[in-house]
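**Q** Sharing a structure with you now.
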Amino acid sequence: MPSKTSSRFANINPNVFVSTIMIIAIFLAIVILAPDAFELLTQQLKNWITESFSWFYVLSVAFFLIVLGYIACSSSGKIKLGPDHSQPDYSNSSWFAMLFTAGMGIGLMFFGIAEPIMHYVSPPSGEPETILAAQQSMRVTFFHWGLHAWGIYAIVALSLSYFAYRHDLPLKIRSSLYPLIGKKIYGPMGDAVDTFATIGTIFGVATTLGFGVTQISSGLNYLFGFEPTSFSKVVLIIIVSAMAALSVGLGLDKGVKRLAELNLVLAVTLLAFVFFTSATVYLLQTTIQNTGQYISNLFEMTFNLYAYQPNGWIGGWTIMYWAWWISWSPFVGMFIARVSRGRTIREFIIGVMLIPTGFTLIWMGFMGNAGLYSILHDGNLSLLNAVQRDSSVALFEFLHSLPFSGVMSLLATVLVVLFFVTSADSGALVVDYLTAKSEDSPVWQRLFWIVVMAGLAIILLLAGGLTALQSATIMSALPFTFIMLLICWGLIKALRIDSTKMQAIQEARTTPRAIQNPRSWQQRLGLIMHYPHSKVEVDAYIKKHVQRAFESLEREFKRRHLTVAISETDDGLQLKVDHHDEINFIYHVVSRETMPPSFMLEQEHNADVEKYFQAEVFLREGGQNYDVMDWTEEDLIQDIIDQYERHLYFLSVMRAQTGN
């Protein structure tokens, strides 16, 4: 009998889990023993990467956008992230709220006011502190927070959700490489990829926690006069982590989802307040103009490396942003994938790319232009000086110039805290997925990673290693960019196969045979109007008649030297024909609940008749939307052969295309 200790750790992937802990321990030891030398080394490496590989980042991010646009417009856009019959797990509003808060919600709070003013003071080109500099600052801010950022997230999220929900692979980064390395994803190579993604996620969240408490401290200092100290920042990290632990303990639906929805409501409230209490017409006009300039200059900005006027601006801003989004993409991409099951690929790309980007542009447009208006028209030099001195106070200094500044500063502080909580709890869920063998892990594993990230942030905060950690996180983006390019290759390859299968099946489509054996018309009518109210009746049919049909086919397939497996599932019976290196054939009969037709309700006048059950056919790609209940064994065998013939046609098309 296994011990309680062994069962408690049974769901841990030891290779990824232990490797992650060891790397974190080594990193902490270096930072604590030689903090100055390590910070200097990481800073120099970061500078070398941004100077030498800026062209590579620019081309890669542009390529990600092109790939997403191609997939969305192609026939692959109709493919679902899951079986063909699957439906979205979350409503559109809940889905968008979770995308927004996990992706960059906290960044908008930090940079919404500060970044446009920083570009206004120090633009990439031209004279600073002019009207042209103000226009350029908004255009650049839109560029950094717009389509490119969400394109990076979308590539990782799309690949993960496609392979996890469409092909039943683990929801892990390694699964994205399956078309390229096959079953090696389950070996050391896959463990290495997941370990790398885990380290990047932990470092990214820990950096956010460490630097984020600075903005929370600024809000508390403004509201209550609390002077920020190392002790107060440690206490804040502990409080935020405790709230994240509570959210994680409640789970994705009750905790993370509810918190994300609350965040979105409060963020919209703050944005509406700024819009109506600032220069409303000015904000509308400038935001619309900024959006037009952003769209019209999108291609130029995408490939602009400032090669003819070299300066450190692009490395300190655009390349830093691209590297930061890439380093966060395993974390955000996995979380987006986790909540996107059941959507079509086209719906997914449009949703992930356009909806959060639209909200981000509105937020940056209203907040950034409100800050610039305060400086340009109201002469608010204190805001300008505050941003130059400490960008974390920008939001609170701006709110000070508006009515009800105390109340709104309190709301802003609460929002910052909640955004940090959602980043921490989402990060813990993602790290838990990466280091566990399955998604059904105990709560203590998620809580453990909350403690690890909080402890890492506290130690580095006290030891002065947060800047080094931030540099290390950005540096990790370079090798992961190569992995993302491989992910694109594997995704396109898999989608091509899926699209070919859809086309081949369409070309070889046969109508379900239904009832072929001779029967009187009265018998046929009675059978097609038979709506079983009991699941037991359908289960009994599957266990008896479907089982016999499967066994008859099994004997014939084996006589022809094919490997066949019949297996019971939670909801039915499955027949699988093994084709070795090619895609296997699956015919699955499922006992499925469905709504009765309206005429049935009218005829029976029975309040209890709210549902009936059917024996629906599922193939590898999902439900086929026809019922085989009451078919004879011969009918079933003929239908299976029809479906198998379509599958063989698809395999022949694939062999012709690949030359095998």
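The backbone N, Cα and C atoms fix where each Cβ goes, and this holds for glycine too.
According to Swiss-Prot, the feature topological domain 'Cytoplasmic' maps to 1-13, 74-93, 161-195, 252-263, 338-347, 423-446, 493-660, an assignment based on a curator's inference. Swiss-Prot lists 35-52, 115-139, 217-230, 285-316, 369-401, 468-471 with the feature topological domain 'Periplasmic', giving a curator's inference as the kind of evidence. Under the heading transmembrane segment, Swiss-Prot lists 14-34, 53-73, 94-114, 140-160, 196-216, 231-251, 264-284, 317-337, 348-368, 402-422, 447-467, 472-492, citing sequence analysis as support.
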**Q** Near the transmembrane segment (196-216), which residues from the same chain, at least 6 beyond its ends, have a CB less than 8 A from one of its CBs?
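**A** Cβ under 8 Å, 6 or more out: 16, 20, 23-24, 106, 109-110, 172-173, 228, 233, 236-237, 240-241, 327-328, 330-331, 334, 392, 395, 413, 416-417, 420, 423-424, 427, 430-431, 434-435, 449, 452-454, 456-457, 460-461, 466, 469-470, 472-473, 476, 479-480, 483.
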**Q** With DSSP as the reference, give the number of residues of the topological domain 'Periplasmic' (115-139) in helix, strand and coil.
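**A** With helix first, then strand, then coil, the topological domain 'Periplasmic' (115-139) has 16 helix, 0 strand, 9 coil.
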**Q** When the pLDDT values for the topological domain 'Cytoplasmic' (161-195) are averaged, what is the result?
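**A** That region's mean pLDDT is 90.
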**Q** Where else in the chain does the topological domain 'Periplasmic' (468-471) make close Cβ contacts, counting only residues six or more beyond its ends and a cut-off under 8 Å?
**A** 27, 31, 35, 38-39, 42-43, 45-46, 203, 206-207, 210-211, 456, 460
**Q** Kindly say whether the transmembrane segment (402-422) and the transmembrane segment (231-251) touch, using the definition of 3 or more Cβ pairs under 8 Å where each pair is 6 or more positions apart.
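**A** Answer yes, regions in contact.
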**Q** Give me the stretch from 140-160, 264-284, 447-467 with the greatest number of Cβ pairs under 8 Å to the transmembrane segment (317-337).
**A** 140-160
**Q** Taking contact to mean three or more C-beta pairs under 8 angstroms, with sequence separation of 6 or more, is the transmembrane segment (348-368) in contact with the transmembrane segment (140-160)?
**A** yes
**Q** Per DSSP, what is the residue count of the topological domain 'Cytoplasmic' (423-446) in each of helix, strand and coil?
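**A** Helix, strand and coil residues of the topological domain 'Cytoplasmic' (423-446) number 17 helix, 1 strand, 6 coil.
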**Q** Which numbers of helix, strand and coil residues does DSSP report for the topological domain 'Periplasmic' (369-401)?
**A** 26 helix, 0 strand, 7 coil
